[in-house]
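> Dropping the structure in here first, questions after.
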Amino acid sequence: MALLRSIAISSNKTLTLARSARSLTMATLPPLPYSYDALEPVISGEIMMLHHQKHHQTYVTNYNSALELLHTAMDKGDVSAVVGLQSAVKFNGGGHINHSIFWKNLRPVNAGGGEPPHKKLGWQIDTDFGSFNALISKMNAEGAALQGSGWVWLAFDKELKRLKVETTANQDPLVTKGATLVPLLGIDVWEHAYYLQYKNVKLEYLKNIWKVINWEYAGEVYEKEAQWCDLSEENK
């Protein structure tokens with residue numbers, strides 16, 4: 001949570017970032033909960049291996065390097081260096097956070113990937129979007145329309161107690177769009193997530209990825225956050 005708070009801080013809040021950075025620890029590359037080829041034919045094993053071992057690992061490596069430099073700059077009282085390192089911390093830290101969520105959002109078909117959400121999340125989707133298919137259409141449309149690189153998210157707004165679809169540019173994590181937004185599902189629409197297989201047809205990738213979405217994970221996160229909101233209301 002400290003990392004999430006810190007990378008959302010803008011450049012005019014340098015001292016707040018510096019104080020938060022004291023509690024940050026080095027990131028590590030999380031293992032995938034499935035083999036690289038487990039999501040085929042939706043996502044090839046080659047893409048998954050490169051995406052995890054190369055792209056995600058690079059974000060981890062660069063984040064750790066930026067954090068080391070940030071700690072050094074803070075110890076020296078070098079405010080200019082602290083300011084200059086904020087973008088590297090945000091970009092690479094965001095890349096690590098986003099991809100760590102993304103791997104959990106995916107599941108092989110033979111393990112339940114693509115099975116529609118049930119229980120409370122399914123009901124909330126119907127309430128907020130009209131239907132499950134309407135949600136998919138909205139996320140596909142917004143993901144396809146996103147210019148350049150970025151992410152399309154299904155989020156739970158803890159303040160409004162409703163689901164929302166959001167997009168973020170580059171490796172900005174969802175928290176940059178609002179402190180009350182909890183990521184339930186994030187789809188990577190950087191070219192490195194699909195180009196080797198789908199070339200420039202991003203919409204085809206977006207249509208197919210729903211076959212391997214782990215709705216069980218998204219539902220667990222939603223129920224935990226929704227329950228916390230209900231308990232907070234009761235304690236007021």
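Glycine residues also receive a Cβ, built from the backbone N, Cα and C atoms like all the rest.
What TrEMBL records for this protein is below:
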BINDING   His51, His99, Asp188, His192  Mn(2+) binding site
DOMAIN    28-106  domain 'Manganese/iron superoxide dismutase N-terminal'
DOMAIN    118-218  domain 'Manganese/iron superoxide dismutase C-terminal'
> Restricting to the domain 'Manganese/iron superoxide dismutase C-terminal' (118-218), what is the model's mean pLDDT?
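Here the predicted model's pLDDT, averaged over the domain 'Manganese/iron superoxide dismutase C-terminal' (118-218), is 97.
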> If you count other C-beta atoms within 10 angstroms, which of the binding-site residues His99, His192 is the most crowded?
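Of His99, His192, the one with the most crowded Cβ is His99.
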> Going by DSSP assignments with H, G and I as helix and E and B as strand, what are the residue counts for the domain 'Manganese/iron superoxide dismutase C-terminal' (118-218)?
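Across the domain 'Manganese/iron superoxide dismutase C-terminal' (118-218), the residues distribute as 51 helix, 25 strand, 25 coil.
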> How many other Cβ atoms sit within 10 Å of the Cβ of Asp188 (Mn(2+) binding site)?
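The answer is 25.
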